Amino acid sequence: MMIGITGTPGCGKTAAAKLLQKLGHPVLDLKTTVGPFVLEHDDASGSDVVDVDAWAEAFPYTEGFVEGTFAHYLPCDKIVILRCRPDVLRERLAPRGYSEEKIRENAEAEALDVILIETVDSFASEQIYEIDTTSTDSESVVRSILSFAKGESPASFGSLDWSEYITDVI
Ligand SMILES: Nc1ncnc2c1ncn2[C@@H]1O[C@H](COP(=O)(O)OP(=O)(O)O)[C@@H](O)[C@H]1O
Ligand SMILES: [Mg+2]
């Protein structure tokens with residue numbers, strides 16, 4: 001099975017991936033696969049602009065977990081979306097050296113459910129599992145991921161509402 005772990009930057013994908021690996025589960029960091037599909041480097045945002053459609057088209061089916069902000073563009077069997085309350089997300093992104101503009105963009109995307117909406121667009125409800133990492137440590141997040149992966153926890157998403165934080169971040 002290919003299980004995607006997606007989420008806005010700062011939601012805890014890499015932290016969860018490290019723990020999964022420690023427990024012996026294969027995890028592919030999708031950042032390491034986009035190199036050939038980088039169209040340009042955007043100096044203003046400090047991010048690479050990736051041809052996501054071409055990357056997803058060329059991506060070989062991979063057994064295990066695949067982790068990254070683009071995971072929901074892949075034909076995963078199941079997809080986990082990590083979430084984080086936008087004000088806490090800002091605090092998590094602050095030490096990364098991102099510009100204020102980039103932090104604002106990410107907090108705004110999280111408040112507006114951008115990744116959830118994109119995911120719901122291309123997956124069936126039974127494939128989607130959303131986890132709020134705001135006040136849940138990575139060990140518990142990983143337990144939830146494994147439980148969903150094994151089919152022990154049913155799909156679940158759509159219960160979070162960050163709309164009251166939109167005015168904070170826009
Ligand atoms: N469940 C969590 N609870 C509290 N802090 C977390 C949690 N997961 C990640 N973090 C912290 O948030 C920051 C971003 O986490 P990271 O795993 O790099 O996010 P991502 O890979 O989604 O961008 C890091 O400082 C990390 O230690
Ligand atoms: Mg990461």
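Just so you know, glycine gets a Cβ as well, placed from its N, Cα and C.
What TrEMBL records for G10, G12, K13, T14, R96 is ATP binding site. The number of other CB atoms found within 10 A of the CB of G12 (ATP binding site), across every protein chain shown, is 23. In the three-state DSSP scheme, G12 (ATP binding site) is classed as coil.
The DSSP breakdown of the region 'LID' (95-105) into helical (H, G, I), extended (E, B) and coil residues amounts to 8 helix, 0 strand, 3 coil. The region 'LID' annotation in TrEMBL covers 95-105.
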In this structure, the one of the binding-site residues G10, K13, T14, R96 whose CB has the fewest other CB atoms within 10 Å is R96
G10, G12, K13, T14, R96 bind ATP per the record; greatest CA separation between any two, in Å, is 15
Checking the binding-site residues G10, G12, K13, T14, R96 against ligand 2, those whose Cβ falls under 6 Å of one of its atoms come out as K13, T14
Distance filter, Cβ under 6 Å of ligand 1; input binding-site residues G12, K13, R96; output G12, K13
